[in-house]
Ligand SMILES: Nc1nc2c(ncn2[C@@H]2O[C@H](COP(=O)(O)OP(=O)(O)OP(=O)(O)O)[C@@H](O)[C@H]2O)c(=O)[nH]1
Ligand SMILES: [Zn+2]
């Protein structure tokens, strides 16, 4: 409740701030809502109107009607046309944009978007579809951000911080050996996928190092929940073709512990990437994980894989103990049948989840994972 109040207040502050800006810069449209689409419209209008020049103050529709030209291409002054692309990486107020025709352009963010980024922290994020104006060979300005879908975000100090936008899949890479498979870790990644409404793909890599039969049961439990599980070997090429087909045309966020073979898999899926494999020392590895730069690897024929350091090793950012069972497709059907509405399915009596574990309707290992997560992390953190 307090949170809601706070965010309403923050929105009001934000609105006031931007209304001020709008007047200052002579924008012609109402700027009340301050959401991204309206903001982008306002940016267009600002461009069309020009600062302080009343004779050029026109709406986008006017400009279209009278000139027949795309108002994005600046009325009254010559400017290069807008070019569509995708943000691969954001650092401070600068971004790297990969245009649809394959140019890599270092972009600043248009002034009005910048002020949004101070208020909401995420004016432009990795994965955003944008329109940019190229100024010279390798630099430009982001003029417009398309509405987002499929975002991976976390909340810090009451504000949503988006790590990557426009994602279809969460690729959860694990290894059968070196390091050993940790199903409990897969379960954690799955919670985040569920929470962010991303389709997960679980990859068990390095399957060449073990007897695949030893992982059939783990894989089958996920498969019954409708989760795709793939046993791969970057070494032998097993299932690489299949993985490539899955990723084709999709935006995929990469996750998984260090050393499981993420770079090796990407190199195999997309020959020519030439990603460094396991050459980093322990010290360097630490450094790598603290970097905030994210990378995007385009897939031939469409689609891309995002490697965003904050996503590689998820923390359970915004998940509360009470939410976990509802985010697990195998536990969820039983939750409403427990005697106590606030049942955490740990030591309570008349718990439908525990009954389902006892007679095998819920996999015991998954339930174990659930208990560890709550007891070791979420409830402990509360104490
Ligand atoms: N046997 C076997 N080894 C593999 C396979 N895939 C990767 N490896 C080896 O595992 C080690 C780690 O591979 P990477 O691709 O660097 O792993 P990563 O997940 O990208 O590691 P970080 O960059 O630290 O996150 C390397 O020595 C690879 O050669 C595989 O399918 N089979
Ligand atoms: Zn219960």
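Yeah, the Cβs are placed from backbone N, Cα and C, and that goes for glycine too.
What TrEMBL records for this protein:
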{"type": "REGION", "residues": "1-29", "note": "region 'Disordered'"}
{"type": "COMPBIAS", "residues": "1-22", "note": "compositional bias 'Basic residues'"}
{"type": "REGION", "residues": "42-79", "note": "region 'Disordered'"}
{"type": "COMPBIAS", "residues": "42-61", "note": "compositional bias 'Basic and acidic residues'"}
{"type": "DOMAIN", "residues": "156-314", "note": "domain 'CP-type G'"}
{"type": "DOMAIN", "residues": "165-312", "note": "domain 'EngC GTPase'"}
{"type": "BINDING", "residues": "205, 206, 207, 208, 256, 257, 258, 259, 260, 261, 262, 263, 264", "note": "GTP binding site"}
{"type": "BINDING", "residues": "338, 343, 345, 351", "note": "Zn(2+) binding site"}
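Close to ligand 1, meaning a Cβ under 6 Å from one of its atoms, are these of the binding-site residues 207, 258, 351: 258. When the Cα atoms are compared, residue 262 (GTP binding site) and residue 345 (Zn(2+) binding site) turn out to be 35 Å apart. Mapped onto three states, the DSSP output places residue 351 (Zn(2+) binding site) in coil.
The maximum pairwise C-alpha distance among 205, 206, 207, 208, 256, 257, 258, 259, 260, 261, 262, 263, 264, the residues recorded as binding GTP, is 19 Å. In this structure, none of the binding-site residues from 205, 258, 260, 264 has a C-beta falling under 6 Å of any atom of ligand 2.
Within the set of binding-site residues 207, 256, 258, the entry lying nearest in space to residue 351 (Zn(2+) binding site) is 256 (CA atoms).
Per Cα geometry, 256 is the residue among the binding-site residues 205, 256, 258, 260, 264 nearest to residue 338 (Zn(2+) binding site). Rounded to a whole number, the C-alpha distance linking residue 258 (GTP binding site) with residue 345 (Zn(2+) binding site) is 33 angstrom. Spatially, by CA atoms, the binding-site residues 205, 256, 260, 264 include one closest to residue 345 (Zn(2+) binding site), and that is 256. Mapped onto DSSP classes, the domain 'EngC GTPase' (165-312) shows 58 helix, 31 strand, 59 coil. Summarising the environment of residue 343 (Zn(2+) binding site), the number of other Cβ atoms within 10 Å of its Cβ, over all protein chains shown, is 22.
Counting other Cβ atoms within 10 Å of each Cβ, the binding-site residues 205, 258, 264 show the lowest value at 258. Rounded to a whole number, the C-alpha distance linking residue 205 (GTP binding site) with residue 343 (Zn(2+) binding site) is 37 angstrom.
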